[in-house]
Amino acid sequence: MLLELARWLQQLESLFGLFNYLTFRGILAALTALFLSLWMGPAVIRKLAQFKGGQPIRQDGPQTHFSKAGTPTMGGSLILLTVTLSVLLWGDLRNRYVWLVLAVMICFGAIGWYDDWIKIVRRDPNGLKSRWKYLLQSIFGLAAGLFLYYTADVPAAITFYIPMFKSIALPLVGVSFVVIAYFWIVGFSNAVNLTDGLDGLAIMPTVLVACALGVFAYASGNVVFAEYLKIPLIPGAGELIIICSAIAGAGLGFLWFNTYPAMVFMGDIGALSLGAVLGTIAVIVRQEMVLVIMGGVFVIETLSVIIQVASFKLTGKRVFRMAPIHHHFELKGWPEPRVIVRFWIISVVLVLIGLATLKVR
């Protein structure tokens, strides 16, 4: 929105040419989302509290969690609102990737909103039935995959790459591309949701991964950097740095209220949408495997649930005291802040490893 105005004003004053720089607009997007979150946060929390929007607590969960009963949830609505406003202000609205990612965020956010609403109204910790949730996620995930496949304008946009091995490039045709896109979008949507079980646990890794994906997006959309780093050149992908920056800013603003002890929970409206956005951006910039590395905390949390369920069904025994794995450490006696910060540290290390793949080719 403001980019178009700046382009017109540039004819009168060259200073407005700054808005043509992705990095400059990325910084503005992050700051806008951050300050909007800090400004709007208290009002949103008060409104959620008035709606009795408290998160139901698992009865079989750690005893320390019962003190969280009544804490407002659906705080992810603050993230979605501030990200959307920031992107509309500073993004290039002629870019199809911007609209796709916003659409994915809103659609998955709508699923999360309905899930949260059921939990609040019916006081049911399980929320929306899994089959309906996965059906809706599948519809939106497949739609995003089909859109990316049929709008791809360069071969690199539908090629699967393995990090650190520049010679390995697997062209994807039709169904194979859509299936991979589907699994990454829906998979990371649910992975972030599973991770969101402690105060601030999910949002900080999300911020870190978003920042790193912004670096990949910027490089992938730049001819010089893409050639130098030997990564796929995806025209238009650089604009995704605006969305990544907005997520980082909004995420930090939300963490101000979500840090231990949390004043508000993100809820499925935030977790499902942010995870889907990370997966979508990774698919666009062709860094699916790098996302698996950088989002390793989300992957580990998901695997812990899969292992726990499979083990119990096959042997009748549990591998962990409770899944997802962050609850396992809580039941081992780790204080909640220790679990959170240690998972953050792991996330920082994994993101740095992911960024290192830019040079290791």
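Glycine too: its Cβ is placed from the backbone N, Cα and C atoms.
Residues or ranges marked as transmembrane segment in Swiss-Prot (evidence: sequence analysis): 25-45, 73-93, 98-118, 139-159, 168-188, 200-220, 237-257, 264-284, 289-309, 339-359.
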The transmembrane segment (339-359) vs the transmembrane segment (139-159): 3 or more CB pairs under 8 Å: no
Paired segments the transmembrane segment (25-45) and the transmembrane segment (237-257) in contact, 3+ CB pairs under 8 A: yes
Segment proximity, the transmembrane segment (237-257) to the transmembrane segment (200-220), 3 or more C-beta pairs under 8 Å: yes
Long-range environment of the transmembrane segment (98-118) - Cβ separation under 8 angstroms, sequence gap at least 6: 53, 73-74, 76-77, 80, 83-84, 87, 91-92, 124, 127-128, 133, 136-137, 140, 144, 147-148, 185, 189, 193, 239-240, 242-243, 267-277, 280-281, 284
